[in-house]
Each structure stands twice: as C-alpha cells, then as structure tokens.
C-alpha cells in the first residue's frame with residue numbers, strides 16, 4: 001500500500017515525538033537515580049517514582065519509535081490504517097480514504113485525541129470527510145498551507161504578546177494580540193478589529209479587574225491595572 | 001478584659017495620632033538620607049506568599065486591617081503570590097527593593113527557605129518591620145492514646161516504635177520533634193504529610209501516634225475531646241487562653257524545647273530610613289488595635305511582638321537554631 | 001433532624017441569603033464559563049469580597065460559587081472542549097462530540113439534570129449520614145489511599161481503548177510531570193533546574209488551560225474553520241430517549257461520586273473518571289462512548305457533583321478539607337472567626353444547617369437557570385470560530401495570570417498549549433495525562449507514607465482489610481476488561497451490524 005505524503009508527515013512527527021519522549025524518560029531515569037531510589041530502612045526515596053515512571057516511558061516510547069520507523073506499524077497507526085481500509089470499503093471513491101488520513105482529518109476530529117477509541121465522527125462541515133482534505137479549502141477559502149502559516153503566526157504572536165507584558169502591561173499586550181489576530185490573521189478591517197478587540201479587552205478588564213479584583217500588571221507605560 | 005482593651009485602644013489611638021503628628025519632627029533628623037518625612041504614595045500592597053485561605057493569608061489580611069485601623073490614611077491591598085512554598089512570593093519581593101509601598105506577610109519560611117538552599121534571598125535582604133506574634137505547637141495524641149505527658153512519649157520511644165506525623169521537612173513540627181530527639185536521645189519514626197488537616201485526620205484514624213500542631217489547627221478537635229494535648233512546645237503556658245491554660249509546657253515535663261512559627265511584617269530591602277521608621281511606628285500602633293487582639297485571639301497566638309531591630313535580633317537567633325536543625 | 005432542617009431553611013430562605021445564594025450561583029456559573037477559572041480559583045479570588053457579609057451569608061455565597069462554577073465548567077467542556085477543572089475533563093469526551101453533532105443542548109440539559117439529581121441525592125446522604133461517613137473516611141489511612149490511587153490509575157484502561165499503549169504512555173508522562181518539585185518524603189527538589197517556580201511543581205490548572213483551551217484553539221486553526229453548527233430547535237431539546245438512557249448512569253454516578261468525595265484528596269476527579277469508566281463497561285452502548293454517548297456526559301457530571309457535595313462531609317464534621325476548594329472554604333471559616341471541627345454542628349447550628357439548606361436552594365436555582373438556558377448556550381456555537389478564539393485566548397491568559405498573580409502561569413499555559421496542539425494532531429490521548437497529573441502527587445504521597453508506616457514494607461497494603469478490598473477491585477478492573485469485552489462483544493456485535501452503515505462508529509475503529 002502506498003503511503004500518501006501527508007501520512008508520511010504524520011509518521012515522521014510521531015517518530016520525533018516518540019524519540020523526544022524516550023529521551024525525556026531516559027533523562028528522568030538517570031536524574032532520578034541521583035536523587036536516591038530508597039532512603040534508609042528501605043523507605044521509598046525521592047527518586048523511586050520518577051525512576052520507574054521515566055524508565056517505563058523510555059521503554060514504551062522507545063518501542064513505539066522503533067515500530068514507527070519500521071513501516072509505521074504502531075498500534076495507533078494500525079488503527080488509522082484500519083480506518084482508511086474501512087472507509088475505502090464503505091465509500092467507493094478513493095478521495096474519501098485519503099481525506100480521512102490527512103493531518104487535519106485525524107480520526108474523530110478535534111477531540112479525537114481525548115477519545116482514542118472513538119471512530120471518526122461525522123463532522124458537520126463542508127464535504128463528506130471529517131475535515132478539509134489536502135486539496136480542500138475551509139469555509140473561509142483557506143488552503144492547508146495558509147492554515148499552517150496561521151497556526152504558527154498565532155503561536156508566535158502569543159509568545160510575543162507574553163514577552164511584551166513587562167512593557168505594555170497584560171491588558172495592553174492582549175489588546176495588541178487581539179488586534180493582530182483580527183486584522184492580520186483573520187484579515188478583517190483595521191477599524192472593526194480595533195473596535196472588537198477594544199470591546200473584548202474592556203470586557204476582560206471589567207470581569208477580572210473590576211469585578212474579581214485581580215491586580216493585573218500594568219507594564220512600563222501603565223495600561224490597565 | 002474587654003474594658004482594659006478598649007482603654008488601651010483609647011490611649012493608643014491618641015498615641016498613634018500624636019506619633020503621626022510628630023513623626024515628621026522625630027524622624028526628620030535621623031533620615032537625612034531619605035529626605036525627611038515619609039508617607040506612602042497611593043495604595044500599599046501587602047504580599048502574601050501563600051494562597052488565599054491559608055494561615056499566612058489570614059495573617060496578611062489581618063495585618064492589612066490593623067494597619068488601616070491604626071492609620072486611616074493608609075489603604076492596604078492584599079495580594080496573594082503563591083508558588084514554591086513561599087519562594088515565589090519572597091523572590092518577587094526581592095525585586096521590590098527600595099519600594100516602600102510594598103509589604104510582605106512573613107513567617108518561618110523566610111528562614112527555612114534559604115536554609116534549604118533553593119532560593120537566592122535570605123532574611124538580611126529585607127527590612128524587618130515587626131514581629132506580630134508566636135504560633136507554638138502542642139504535642140497531640142489520639143483520645144485513646146496511653147500517653148499522658150510528653151515524657152511518657154519520650155520514654156516509650158526508648159523501647160518501642162513511635163510514629164510521628166510531620167507536615168513537611170521544614171515544618172515547625174519536624175523541627176520540634178528533631179529538637180526533642182536531640183534532647184532525649186530517642187528517635188521518632190517520621191511519616192510525612194502535607195498539612196495540619198491531613199495530620200488531624202491521621203491522628204483521628206489512628207494512622208500515627210503523635211503529631212505536633214498549632215493550637216488554632218487542632219482546637220476544634222481538642223474541645224470535642226477527640227484528641228489530647230500532652231504538652232506545649234512554648235516558653236510559657238497559654239495562660240491567656242482558658243481552654244489551653246492547663247497544658248503544661250514541654251520544659252515543665254523535662255524537655256527543654258520551645259520553638260515558634262513567627263508571624264510578622266517585612267518591608268523590602270533598600271528602603272530609606274524615614275520609610276522604615278514610618279512602618280515601624282505604624283505597626284507599633286497597629287498592634288495596639290482591637291483588630292490585632294482579635295487576630296491573635298482567634299488564631300491562638302502568643303502576642304510576643306518585636307519591632308525593628310528587636311525583630312532583626314530575633315531573626316538572627318532563630319536562624320541560627322534553624323540552621324542547626326535543618327542544615328545538619 | 002427535622003428541627004435542624006427547619007432551622008436551616010428558615011436561615012437560607014431569608015431574603016438576604018437567598019439573594020446572595022443566587023448571586024453566588026450566577027457568578028460561579030460565569031466564572032466556570034471563563035476558560036482558565038475553575039471553582040478553586042473562583043472561590044479564592046472572590047473570598048475577600050465576601051468578608052463584609054455575615055458569615056453564614058458569605059459562606060452561602062462562596063458555596064454557590066463552588067457548585068455554580070462546576071456547572072459553568074461543564075458548559076465550556078461541552079461547547080469548546082475546555083474543561084474548567086480536572087473533574088470535568090471526562091465530560092469533554094462525549095459532551096464535545098455531542099456538540100459537534102448539533103446536540104449541545106441535550107448534553108447541557110442532561111448535565112444540568114444529572115448534576116441536580118446527584119446534588120439532591122448526595123445532600124440527603126450528607127444531611128442524614130455525615131458523621132458515620134466521616135468516621136468511615138478516617139479509616140482510609142495511607143495504605144488504603146495507596147490502594148485507591150492504584151484503583152484510580154487502573155481506570156486509565158477505560159480511556160485508552162484502541163491505543164492502550166499510548167494511553168499508558170500519556171498517563172506515565174502525567175505522572176512524571178507530577179514528580180517535578182519538592183518530593184513529599186525527604187524534601188529533595190527534583191527536576192527544578194534551580195528554578196524557584198518549579199519548587200512547588202508544574203501547576204496543573206495552568207497545564208489544563210494550556211492543553212485544552214489553547215491547544216484546542218491552535219488545533220482548530222490548523223484544522224480549518226468548521227462551519228458554525230446550526231441545529232434545529234428540536235435537536236437542542238433533550239428527548240425522552242435521552243432521559244431514559246441517562247437514568248441509570250446518573251444514579252450510579254451519584255453514589256460513586258459520593259463515596260469518592262468523602263475521601264480527602266482527589267475525590268471529584270477520581271469520581272468522574274471512575275464513573276465514566278464504569279458506565280463504559282456496563283452500558284450496552286459502551287462502544288459509542290467517546291463518540292457522543294449521552295451516558296458519557298450524564299455519569300461523570302453526576303459523579304463530580306455528588307463528590308463536590310460529599311467533600312463537605314469531612315469539611316463540616318471534622319474540619320478537614322475534602323478537596324482544594326473546600327480547603328479554601330475552610331480558610332474562609334477561619335477568616336470569619338468560626339472554628340471548624342467536630343463541634344461545628346453543635347456550636348453553629350444556624351450556620352451549618354443554613355449552609356446545607358442553601359445547597360438545596362442553590363441547586364434548584366441552578367436547574368431552573370440552566371435548563372432553559374442550555375439551548376441558548378448551545379446557540380453560541382453559531383458564532384464563527386474566527387470570532388470566538390481570540391476571546392478564548394484572552395480569557396485563558398488573563399485567567400491563568402489570576403491564579404498566582406504572576407506571568408509564570410501564563411508561560412506554563414503557552415508551553416502546554418503548544419504541547420496540547422501536537423497531542424491533538426498526533427492523536428495522543430489527553431485524559432490519561434490529566435489523570436496521571438492529578439493522581440501523581442497523591443499516589444506518591446500515599447506510597448511514601450505507606451512505606452513509612454510499614455517501616456519500609458509496602459506489602460502492608462495487603463494486610464489491611466480495607467486496603468486489600470480496594471486492591472482487589474483495582475486488580476479486577478484491570479483483568480475484567482478482557483473478560484467483559486469478550487462477553488460484551490458477543491452481545492453487541494449483532495447490534496452494531498444492524499446499525500446504519502453511516503453510523504458514527506465504523507467497526508474498524510471500535511475493535512478493542
């Protein structure tokens with residue numbers, strides 16, 4: 001069976017994550033040995049739980065890494081493969097099967113991760129699949145590449161906003177964040193973006209500062225607080 | 001009792017007024033460096049390095065109330081800054097150096113944290129203002145325990161296994177137990193818990209033999225007769241409190257151990273002398289208020305106060321003792 | 001008893017107390033809806049505001065905030081998969097799926113009804129049987145708690161169906177994260193790398209906001225905006241069939257929740273996870289769990305509400321907090337100058353019975369507030385996601401900040417937001433991670449204590465009858481699925497064959 005490119009992408013990411021987890025587990029295990037597994041009189045010491053847990057993580061993630069590298073036969077992937085096979089049988093069109101296997105279309109959509117045994121759910125959305133496929137655009141006409149770019153833009157904006165807090169204050173930098181997301185990421189006009197963001201920040205101010213009395217940091221130029 | 005207190009209050013509010021009135025004249029000369037009289041600009045922040053609802057929070061809020069009662073011109077906002085068993089709050093406070101509009105509700109963590117070695121501050125980095133009182137502990141056993149005195153417990157520990165619940169390695173209870181062990185040459189078997197509530201449950205359920213708890217934490221169980229208090233790890237009996245006055249001190253029972261968790265107020269380091277004087281005077285007035293009395297009584301503290309340099313001295317001595325116990 | 005109830009209701013029904021009860025419930029709901037604020041934070045943050053009230057009134061309001069915010073957390077769990085606290089994580093599993101299928105109204109209604117029934121059952125138990133239950137809870141020493149924690153960790157099996165290995169892996173990661181900070185036994189700082197912020201560990205509320213709120217937003221951005229869900233009014237209403245299916249789960253969840261709730265510690269979270277796991281086992285529709293089964297919402301909601309009330313058993317009868325929020329409430333008692341403890345019922349009858357009566361009233365208010373509002377809240381899903389997510393991000397970050405009044409919390413949220421995105425993308429299950437994170441510290445503490453009590457011998461778990469019984473249940477739970485699954489499959493296979501091929505559970509994926 002040929003692997004669609006997106007499937008390979010997921011497999012690579014899986015390999016990376018399992019590799020990282022294995023390293024994390026191993027690191028924790030080694031450090032935990034230093035903390036001491038047992039105290040005097042064979043009492044449970046500070047290192048015991050982290051060592052056992054870390055060791056198990058290293059073993060399991062290491063095993064998953066090896067199986068992922070050898071032809072993607074992880075239990076998870078097998079689940080995915082079966083889904084693909086099942087949908088291929090159900091729906092005669094080849095397009096459906098590749099749709100289900102796109103990164104955006106991981107089984108069970110948004111919260112599939114929390115319902116590992118849940119099958120793909122019919123998402124009310126465009127098209128028959130659980131999410132937009134590789135060639136699909138979402139309802140705002142965005143391609144997957146655009147969405148990927150948006151994702152990283154928003155993530156970076158979050159980090160930048162947090163870094164700006166000492167300068168602009170929490171509400172100040174959140175205002176900037178909100179305007180940025182509305183205007184640049186969601187491509188709404190500057191005026192509506194400003195108005196909506198200002199209202200949102202005012203609402204947050206009202207609830208948290210006005211009502212709950214949380215002292216928010218004002219930053220150097222002293223917005224909010 | 002009540003009458004005397006209000007009399008005291010009357011005189012002290014006069015005193016406070018006169019202090020406030022002549023404060024400038026008095027401290028003006030001594031604080032040339034600071035540039036004369038100090039009054040806080042805007043609201044004062046009282047940082048509580050623990051979460052809302054805990055003992056430290058209680059102390060911080062009570063202190064804020066008594067400061068406002070003593071000086072109507074000062075408005076104090078309480079801010080909880082929890083994390084790292086107090087380390088986060090104190091470390092943030094370190095960053096407030098030179099800011100006389102911020103105070104911190106302090107307790108033994110001020111000394112215990114630096115000894116444990118994970119933080120970058122110690123008590124000399126701050127300006128001690130006032131010690132408000134001492135919270136000692138009582139040795140507590142279950143109601144059906146065979147022991148009647150702390151001496152019984154120590155004697156028993158020589159021949160059998162005594163399990164002692166503690167609320168943490170740097171906890172006051174672990175310190176008094178360690179001091180007791182050093183004194184009597186015995187050993188208790190520690191079972192670590194995380195709060196007075198957990199210790200109480202373990203005592204009631206018969207999971208541990210002894211615990212050492214603040215009176216405020218255990219008074220409900222004591223009055224209900226669910227537990228017994230064997231001795232108080234304090235210099236003097238709790239004679240101000242009817243319900244605790246009968247509990248002998250450990251020293252009376254031949255164990256020379258007394259150790260308190262103190263409650264107090266710190267100002268940041270590097271504030272000028274005028275500000276320091278202002279806060280010491282304000283706190284001296286604050287501990288004469290009704291609000292102070294109420295706080296002390298409701299929490300079963302001993303009202304041992306120490307202002308300014310006296311508080312520093314107390315911290316020095318306390319730190320030495322703690323280092324001995326925890327550092328070793 | 002009757003006198004006490006009359007006294008309680010006459011206190012709670014005074015105009016002032018009724019008003020503040022209503023305010024508390026309403027404010028609590030709003031707080032629960034804000035991503036990032038749960039009941040513990042809500043009560044802690046609002047505690048100072050109640051200081052000007054009479055003690056009984058203040059406590060009534062704080063308690064209202066407590067159970068109101070739990071319901072508010074359910075609303076966000078269902079609508080945007082963002083639980084307000086660990087105990088409503090399980091609700092997201094089926095609640096969010098129901099919402100995606102246009103059945104948010106039904107999910108919210110059953111949560112309201114389930115919570116209400118559970119509240120009434122648990123309150124009746126609380127009023128009638130608090131002292132004996134409190135005595136029972138005291139029998140749970142460290143070895144028993146260790147057994148309970150093992151039982152709790154064994155429920156991971158229920159959340160890991162197909163990906164049992166990945167579920168286990170994530171639970172282990174949760175446990176490992178939980179070991180960061182000062183260890184409970186010796187005071188050693190572990191994995192802190194010299195940071196004072198890590199001394200008290202990685203704060204789990206912030207982790208949850210990151211994983212669920214921020215992680216979900218990032219995932220949705222990458223996923224592409226789904227069309228807003230437009231459901232007909234009929235679909236928003238709960239059907240008779242829904243009610244029929246939920247009766248059993250609600251009752252079982254209520255009793256289970258009460259039992260776990262009286263144990264000091266992780267009662268509510270453990271109860272909701274266990275209730276979900278048990279329903280999944282006993283339900284004929286076990287395989288539909290995770291795809292929008294109403295039982296998967298009803299049972300954990302009932303359980304966590306019952307547990308929240310049962311938390312008051314040790315709190316009121318012994319003065320020992322049953323959970324994080326009741327610990328803050330106990331602090332409130334102290335601030336009001338009321339000494340909690342065994343004598344509380346005798347010394348402060350007006351306060352205690354007034355408070356208990358207000359629970360009844362508050363829950364009735366919640367039911368009448370939320371049942372009609374459920375379809376209205378469900379309409380929020382019509383708002384395009386592009387408009388909604390900036391607001392979710394804003395409140396998440398400010399909410400995180402308000403937990404400790406520090407930027408550290410905000411950074412934890414951002415880091416775990418990105419981790420959450422990758423977990424969703426790679427289909428790594430989150431519920432086991434949360435379970436590991438919540439139970440980790442309790443498990444390790446119980447382990448250390450048991451080893452201290454047993455003088456280095458952990459096997460005392462098998463010598464104490466109560467601990468042994470719990471261990472037996474835990475072992476059964478691990479061993480049973482293989483047997484049960486075989487039995488259930490035999491029963492269930494013909495059923496699923498008959499079902500519509502377009503049904504939401506294709507056979508391939510539900511093979512366990």
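Glycine residues also receive a Cβ, built from the backbone N, Cα and C atoms like all the rest.
Keep in mind that TrEMBL annotations are predicted by a computer and have not been checked by a curator.
These figures come from a predicted structure and were not determined experimentally.
Taken from TrEMBL as is:
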| type | residues | note |
| --- | --- | --- |
| TRANSMEM | C:18-37 | transmembrane segment |
| DOMAIN | C:18-435 | domain 'DUF112' |
| TRANSMEM | C:43-67 | transmembrane segment |
| TRANSMEM | C:106-130 | transmembrane segment |
| TRANSMEM | C:142-160 | transmembrane segment |
| TRANSMEM | C:165-182 | transmembrane segment |
| TRANSMEM | C:194-214 | transmembrane segment |
| TRANSMEM | C:255-278 | transmembrane segment |
| TRANSMEM | C:318-338 | transmembrane segment |
| TRANSMEM | C:350-371 | transmembrane segment |
| TRANSMEM | C:391-421 | transmembrane segment |
| TRANSMEM | C:466-488 | transmembrane segment |
| REGION | C:491-512 | region 'Disordered' |
Among C:106-130, C:165-182, C:255-278, C:318-338, which stretch has the highest count of C-beta pairs below 8 Å with the transmembrane segment (C:43-67)?
C:318-338
Between the transmembrane segment (C:391-421) and the transmembrane segment (C:106-130), are there three or more C-beta pairs closer than 8 Å, counting only pairs 6 or more apart along the chain?
no
Candidates C:18-37, C:106-130, C:194-214, C:318-338, C:350-371; stretch with most C-beta pairs under 8 Å toward the transmembrane segment (C:165-182):
C:194-214
Honestly, do the transmembrane segment (C:255-278) and the transmembrane segment (C:350-371) touch, with at least three Cβ pairs under 8 Å and pairs 6 or more apart in sequence?
no
Select the range from C:18-37, C:106-130, C:318-338, C:350-371 that forms the most Cβ-Cβ pairs under 8 Å with the transmembrane segment (C:194-214).
C:18-37
Across the domain 'DUF112' (C:18-435), average pLDDT on the 0 to 100 scale:
86
